[in-house]
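> Dumping what TrEMBL says about this protein:
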type	residues	note
DOMAIN	10-366	domain 'Acyltransferase 3'
DOMAIN	428-619	domain 'SGNH'
TRANSMEM	36-56	transmembrane segment
TRANSMEM	76-94	transmembrane segment
TRANSMEM	151-173	transmembrane segment
TRANSMEM	194-218	transmembrane segment
TRANSMEM	234-252	transmembrane segment
TRANSMEM	261-279	transmembrane segment
TRANSMEM	285-307	transmembrane segment
TRANSMEM	319-339	transmembrane segment
TRANSMEM	351-372	transmembrane segment
TRANSMEM	384-407	transmembrane segment
Amino acid sequence: MSARGGSRVDSLDGLRTIAVLLVVAFHLRVPGFSGGYLGVDVFFVLSGFLITTLLLRELSATGRIDLGRFWARRALRLMPAVLLVILAVVVWATTLAPPFRRPSIGADALWSLLYVGNWRFIGSAGYFTDDGTSSPLLHVWSLAVEEQFYVVWPLLLGLVGAFAWHRAAAATAPAGRPLDSSSRVEGDRRRRQAVVLAAGVTALVLTAASAVGLWWLYDPAAPERAYMGTDTKIFEPLVGAVAAALMTRARVQRVVVRHHVGLMVAGLVGLGVGVATLGGPAPAYFAGGAVAFSIACAVLVAAATAGGNGDVVARTLGLAPLAYLGRISYGIYLWHWPLTVWLAPETGFDVLRAALVATGAVLLASLSYHLVEVPVRTGVLTRLAPIRLLPVAAGSIASVLVLSTFLGGTAVSRLNPLSGSLPAAAAERSTVLVVGDSVARRLTPALSEAGTARGLTVVEAARGGCPALTVPALGSDGRLLADGACADQVRATQDAAVTTYDPGIVLWWSRYELADRLGDDGRVLRAGTPEFWAAQRASFLADSARLTSRGATLVVVLTDRPGVGLASRCTPGRCDPFLHRLWFEDDLRRRWNDLVTEVAARDARIRVVGIDDVYCRDAAVPCDDRLPTGPPVPAPETPQVHPTLPAPVTTLLARPDGSHFSPAAAPAVAGPLLDRAAAAARR
């Protein structure tokens, strides 16, 4: 995403403008731009092309890459602007964010500052859903991928390139034999060819491996692992790297220069087709679509670079307003998402909100560019000795670290204003800790608002894509959920929350307890088998004892029936096995509910409550959970399972995807749920 300085190709700045506007339109839910997320792909390809061009130039000339100088320049270009944004988010979280969100935002800031935020957000956020709990730093995942590329690729390129360079040098300069001028020229040419060949082959092999990983790890129910993982996303800058290597060949350059207008048009058409057809994201994106789109972008970038600014396409892309927005596109990208989160996100597109976000992002990006980024890179600050810049940089980073750490470990007395004035028992009863999966996590904002009206403080320790039960659960592909991190990370998060908040009620809501799991001996236990239920019971007994060890009451929400919106994710032609289980194997849900109900009947620390009667209008599975304004769903042919459902009108559903509540429905669920949990805890 970084802006580039020095000599510029104006048409590339115009391409940056197109890319950032696509991303902004996607996040603002502008109609027709569900494929706008592909703007990030454009940035990745462009970055890989430009960076590799510079690295190959240095490597071909000297046989090495000055890694320290390269990384220092990257830091000067990227760090100032992102530090400003992270600092602004941390200040907002400290002063204006709901208390329950402060610890998670503090952790987000720390991970983002270290440029590893993509790995945090993979398991804790839904990039393609706006549920009211999205982190203002969620978009920094892409900077993390880019920075990790900047660390690994120059290092790897330096190793293979230096090896190829020195091998070619040895072959063209035999020991003890002086070289004439023509031999030296030939030696230089062969060294350059060897370096470029090594770079191109390395990039091509890594591209293929990464693209296969994108396809292999894709899970339609949780696409974030495939979409945001460095290993599965790095092929995009590498496609740019392959293009950069090809463009060093004189023959390729001549062809591209001769046909650059047609190639630019073809690249733009490919970009438009991708945005129009890969929205969602479509499954095709993960099965070759992303690769095809990246190639189209690489063709466009290479042609624009070769053609300069002289043709009609380049002049159009290089128009002054477009070029200027491209120069500040890095800042626009950084600022637009926090503004989107702060300006009361709602479902659907809102013209006024979009105008406010766009205007604010451009204004803040312009100020950041002229007052911070350019001075740091090329202005007065560059005339200071590095040792004098060190305190400034260290102070800025330290400020963010201190504030982030403070948020990440916020004391109960700050999060719960009642705790300082009430007896200990009352303070404990006033705090509700939510544990579970993404359904519980995304409902937390509504629960927090409902809790405030009831004198309760709601905090959460939920994790998307993981059960509340701390077991090695398996995904639909037979792999451990969250790459095996669920059990340990969920347990650690829950334990830290219980210790920090000392809740009176622990509210448990999850559905991944219906997933296959590993037993203590490492064997796969299939859901529904006697061995599976025995292991689930033992794990639930252990987890319930742990969560109630400080005197809290554990209130388990009986796993609810999915809604008709499940049809949007589970079509007859393609249905994730776990979603298929939720739809067609309802006996598993009922058996789990029976298990926790039976345990609760024997343990005074545990209560169970149901909630789907609040939003389900029938007894079917999936249930009719349309909002009151929606037309009723025709009665199913069987009492428990609907026949093949038509595509639902998602704007009328309490749960548009069959699981997660819409912003309109969440308050109507949160209030009754808290009332039932509090009443159950008093029994």
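Each residue, glycine too, has its Cβ placed from N, Cα and C.
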> With the transmembrane segment (261-279) as the reference, find which of 36-56, 234-252, 285-307, 351-372 contributes the most Cβ pairs under 8 Å.
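Comparing 36-56, 234-252, 285-307, 351-372: 285-307 has the most Cβ pairs near the transmembrane segment (261-279).
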> Other than its close neighbours in sequence, what residues sit by the transmembrane segment (285-307), given a CB gap under 8 Å and a spacing of at least six beyond its ends?
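Distant Cβ neighbours of the transmembrane segment (285-307) are 9, 11-12, 15, 38, 41-42, 44-46, 49, 207, 211, 214-215, 218, 223, 226-227, 235-236, 239-240, 242-244, 246-247, 253, 256-257, 259-261, 263-264, 266-271, 273-274, 277-278, 313-314, 317.
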> Could you pull out which residues elsewhere in the chain have a CB under 8 Å from any CB of the transmembrane segment (234-252), counting only those six or more residues past its ends?
41, 44-53, 56, 60, 145-146, 148-149, 152-153, 192, 196-197, 199-200, 203-204, 206-211, 214, 290-291, 294-295, 297-299, 301-302, 305-306
